[in-house]
Amino acid sequence: MRTNCWWRLSGYVMRHRRDLLLGFGAALAGTVIAVLVPLVTKRVIDDAIAADHRPLAPWAVVLVAAAGATYLLMYVRRYYGGRIAHLVQHDLRMDAFQALLRWDGRQQDRWSSGQLIVRTTNDLQLVQALLFDVPNVLRHVLTLLLGVAVMTWLSVPLALLAVLLVPVIGLIAHRSRRLLAAATHCAQEHKAAVTGVVDAAVCGIRVVKAFGQEERETVKLVTASRALYAAQLRVARLNAHFGPLLQTLPALGQMAVFALGGWMAAQGSITVGTFVAFWACLTLLARPACDLAGMLTIAQQARAGAVRVLELIDSRPTLVDGTKPLSPEARLSLEFQRVSFGYVADRPVLREISLSVRAGETLAVVGAPGSGKSTLASLATRCYDVTQGAVRIGGQDVRELTLDSLRSAIGLVPEDAVLFSGTIGANIAYGRPDATPEQIATAARAAHIEEFVNTLPDGYQTAVGARGLTLSGGQRQRIALARALLHQPRLLIMDDPTSAVDAVIECGIQEVLREAIADRTAVIFTRRRSMLTLADRVAVLDSGRLLDVGTPDEVWERCPRYRELLSPAPDLADDLVVAERSPVCRPVAGLGTKAAQHTNVHNPGPHDHPPGPDPLRRLLREFRGPLALSLLLVAVQTCAGLLPPLLIRHGIDVGIRRHVLSALWWAALAGTATVVIRWVVQWGSAMVAGYTGEQVLFRLRSVVFAHAQRLGLDAFEDDGDAQIVTAVTADVEAIVAFLRTGLVVAVISVVTLVGILVALLAIRARLVLLIFTTMPVLALATWQFRRASNWTYRRARHRLGTVTATLREYAAGLRIAQAFRAEYRGLQSYFAHSDDYRRLGVRGQRLLALYYPFVALLCSLATTLVLLDGAREVRAGVISVGALVTYLLYIELLYTPIGELAQMFDDYQRAAVAAGRIRSLLSTRTPSSPAARPVGTLRGEVVFDAVHYSYRTREVPALAGINLRIPAGQTVVFVGSTGSGKSTLIKLVARFYDPTHGTVRVDGCDLREFDVDGYRNRLGIVTQEQYVFAGTVRDAIAYGRPDATDAQVERAAREVGAHPMITALDNGYLHQVTAGGRNLSAGQLQLLALARARLVDPDILLLDEATVALDPATEAVVQRATLTLAARRTTLIVAHGLAIAEHADRIVVLEHGTVVEDGAHTELLAAGGHYSRLWAAHTRLCSPEITQLQCIDA
């Protein structure tokens, strides 16, 4: 890969031959003109010295024409060169996304989202930085070749002296290439790790906040950032070592040529004009030589980035697409023939599974969490290929079938209802984008989501936000079901499709499903007894083995494990009594103390929020000392660079014209000393700037991330999560890049301008007026450029965040996109966003291409004016030839910093946009305040006082006038239809959100007055969205209490019934879990979440659908543990399954965001209202007479 990455990149560049030819052609022509201009200068000076009054007007016309041609050629070179960079970056990004869309399950398990983000952003930017200079490489090489040719024509001895340093420069460049490549690659790997920490914390933000672990996540980031800091410092040291050295060697060569050329001119071997022309050529070549040396550094960084991007592009799925299409008409059978499979070699998850589903039959597969049900579904949809055996659909091995024909026949309802950004209608029609509104409405009606949609102001055009997290779990699940039904599949695979809906809605859905699957093959992976009414046969899985297959009655009779899994929860009344005496329950005064003691991880310094109205500015002030030292060294370096023209003037006027060779030698020696001093100062400046820049980056990233962690959940909705990831990664780097390089360039430019203007005024004030004639034009052009480019950069920055958000979304929902053959539409969406970003980049490049060459044009015009008028004054004896030469050299130096300032403005714009975004983020109010009340032990009284709440993305309020008082120690179950506001109530108690109106009080105190972290440390929360961080199973359980012992972790797992599932995993509690728990089933994740909440021993327990992914047997264990845990502590439970509601102290029924019923179980049943209907449906669904279950009329 490393050996051919340049060839691969050149292949991408060659896709745009027209742009390449135009850019190279303009570079070639511009180089020829630039090399020939010094010959014109030679002629003008020689004519001036000869004082023969030859007309200079023709040469003026030539110089002006050359300036105009150079402007046009520079515009073409810059525009098309930049356009190539943006086009290639877009091509690489699209190829990387296409590779992502091809991934099978194993590739998806291999790549983390952090790696994806870094490789498609930071690494691509490194490649783009090099591609911007592709035409410049040819220009510089041509300049060197033509320059050497011209210098050889002017003077062979001087030319030989000039090229002596080339081998030395080549050796140093080769050594720097080897060292920098390894260092940069290492730094990029650490950068990916940092991005991975940020992305995981953003994805799992609900879990982070639930357990008050914001500071812990910040510590993770600080730890990863320290490793990145060390790696980046090594790169900075190497750059400081090689960069100044490679730039100093050409300057030493110039001093050598000055000494020898001056001696030859004094001896009459060459004319003064020849010497000046040679010096002009050498000066012209010094810049390309330095630039090429700098490009070597950029090239090594770009190479490291290119290798990583190409690795992503070259990633291939392990499975091979078949060649046979699946018959489009026949009904399908599904058969597993002695199937064994493991995610890791020698660790089978499924063992010798032989199972068949006849065409038109419905098979239900039941099993405990971790038994292999979801893995079996993944094999049917061919996310993975079996290790042994075969999976056959319609009698054909799925490995022989084309993926497109296979997946077109399958409809999938996954256990995790993944939605995509867009509207509700677009998500329902995800598998059939050509569906009519009537077809979408029919599918929605079948999934019982239509009523909810009709309450929304925008109906089916309502945006669901990123991953649909603004909707309730039941609403997302019903949209996923409607999506599968609209697809009209011949084989329907459903993984607990109604686990998050209430009993009444489930009955209605079952009636629709019974009709929908009547003429098609269906496989239902379920933990719910009610879904078995749809099945013709049942298969029982346990620990990856098939225990039994048959009709529900047959299996019930002969399979003890089946009866155990589906046995309804026993009467839990006795458990309530036992719970009162249980030794695991502590007195109220002791509850929650360990959670508070063991989760307050403190890492002082790097993430303390700087106070004040402008926290970003205050933060940067902390580095005033190092930054001032860096800028002082830069100023010294710049002043040293202004001395050579004065020394040259002295050498020409005294050493050459007056034949005082000692003056020439002293000038050359002083110039050499100046170059050496400048090299030392430049090295020191680079070291200080490198260290300071990395320190600022470390600090800024930590502060921004820590502040983002403290924001409310609403900041992470829509594409807010992607924008936060961009702020912590790309935006902070843009600011520091400007401080490290742009600010240095600004200081150099300003010092240079001031110094040159002083020198020019001292030499000949009158000629300065000629230069000033161009300044108003330059100022007007700069203002116009700044105004036009500012809008472009802001839009481009926002669009980059959208590109990143789309990438993250499809990385998370890739299996759904593949299952519904939506890869091409995903590619189109990503292409549209990436192409918008590309077009904005090209627009910005056009502005740059218009502006920078215009600065060079003004410089050429000013040089022409000074040269002509100065030559006239030389003839008149007003100024010396040396003064004129010095003037011309200073003019070149004068407009160079102006151009660099303009170029620096490009970096400034990027940094300014990034700073604005970060300033806005840091200025966003956090739920906690400095005057927040510290939280001690909580009794647990919860009061909702006229509480209203509306989500930002919805006009319909989620809660409307909630008035409830929950005494301390009471267990309350919230029930109601999906979307009625139950989860929102839990989130308000957890203070994920603050009420729009009204107050939530705990122990008589408004939650907004509490220290939010201290308060959450008193809670135990299980959210609907299960998330675990990468690490071991033990780490996942101990997330809310990191210092818990192994015995305490195991005890928590046993108490919630998770221990058998964990011990069945490879390595048990040390089993490695991927970020988000992608290698675990929903049931396994839910058990870990329950154990996690149990371990913190909370004062208030909040459970939001904590058992929806569990089988009845495991649910019974969990419910007993919940009742034990709930004794003598306030417990709020959101439940669709009503088994636990019967034994709660109180039941609250919500509908449309209001409380419609409130009372005990027996009271509400006697009332005959909403709860009575829910209970009747629940009772029917959970009846032991499985074969006789009938859903009531919803």
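Glycine is no exception: its Cβ is also placed from the backbone N, Cα and C atoms.
Per Swiss-Prot, transmembrane segment is recorded for 20-40 (among others).
Here Swiss-Prot flags 21-301 as domain 'ABC transmembrane type-1 1', drawing on sequence analysis.
Feature annotation from Swiss-Prot assigns transmembrane segment to 56-76 (among others); the stated evidence is sequence analysis.
If you look up Swiss-Prot, you'll see 130-150 (among others) marked as transmembrane segment, on the strength of sequence analysis.
Residues or ranges marked as transmembrane segment in Swiss-Prot (evidence: sequence analysis): 153-173 (among others).
What Swiss-Prot lists as transmembrane segment is 258-278 (among others), and the listing cites sequence analysis.
The annotation transmembrane segment is assigned in Swiss-Prot to 279-299 (among others).
Annotation comment: Swiss-Prot describes 334-568 as domain 'ABC transporter 1', evidence class sequence analysis.
Annotation comment: Swiss-Prot describes 367-374, 976-983 as ATP binding site, evidence class sequence analysis. Around SER371 (ATP binding site), the same-chain residues six or more apart in sequence whose CB sits under 8 Å from its CB are LEU541, ASP542, SER543, GLY544, listed in sequence order.
Swiss-Prot lists 628-648 (among others) with the feature transmembrane segment.
Among the features that Swiss-Prot reports, domain 'ABC transmembrane type-1 2' is placed at 628-910.
Per Swiss-Prot, transmembrane segment is recorded for 660-680 (among others), and the stated evidence type is sequence analysis.
The transmembrane segment feature in Swiss-Prot is assigned to 743-763 (among others); the stated evidence is sequence analysis.
Summarising the annotation, Swiss-Prot assigns transmembrane segment to 765-785 (among others). Cβ atoms under 8 Å from those of the transmembrane segment (765-785) belong to residues 757, 847, 850-851, 854-855, 858, 861-862, 865-866, 869-870, 887, 891, 894, 898, 902, 905 of the same chain, restricted to positions at least 6 beyond its ends.
The feature transmembrane segment is assigned by Swiss-Prot to 847-867 (among others).
Positions annotated as transmembrane segment by Swiss-Prot: 878-898 (among others). Residues 41, 45, 48-49, 272, 276, 279-280, 283, 641-642, 645-646, 648-653, 657, 748-750, 752-753, 756-757, 759-760, 763-764, 767, 771, 778, 855-856, 858-859, 862-863, 866-867, 870-871 of the same chain lie 6 or more positions beyond the ends of the transmembrane segment (878-898) yet place their CB under 8 Å from a CB of it.
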Practice prompt. Could you check what DSSP calls GLY367 (ATP binding site) once collapsed to helix, strand or coil?
Written response: strand
Practice prompt. Using all protein chains in view, find how many other C-beta atoms are within 10 Å of the C-beta of THR978 (ATP binding site).
Written response: 23
Practice prompt. For LYS373 (ATP binding site), just give me the three-state DSSP call.
Written response: helix
Worksheet entry | Long-range Cβ neighbours of the transmembrane segment (660-680) (under 8 Å; 6 or more residues past either end) | 244-245, 248, 251-252, 255-256, 258-259, 262-263, 266, 637, 640-641, 643-644, 647-648, 650-651, 654
Discussion item. Below 8 Å between Cβ atoms, which of the listed ranges 334-568, 628-910, 942-1177 makes the most pairs with the domain 'ABC transmembrane type-1 1' (21-301)?
Written reply: 628-910
Worksheet entry | Tertiary contacts of the transmembrane segment (847-867) (same chain, 6+ residues out, Cβ under 8 Å) | 41, 44, 60, 63-64, 66-68, 70-72, 74-76, 78-79, 82, 767, 770-771, 773-774, 777-778, 781-782, 785, 788-789, 792, 884, 887-888, 891-892, 894-896, 898-899, 902-903, 906
Worksheet item: When you measure from the Cβ of LYS982 (ATP binding site), how many other Cβ atoms are you left with inside 10 Å?
Response: 30
Worksheet entry | pLDDT averaged over the residues of the domain 'ABC transporter 2' (942-1177) | 86
Item to complete: Would you mind pulling the DSSP three-state label for LYS982 (ATP binding site)?
Response: helix
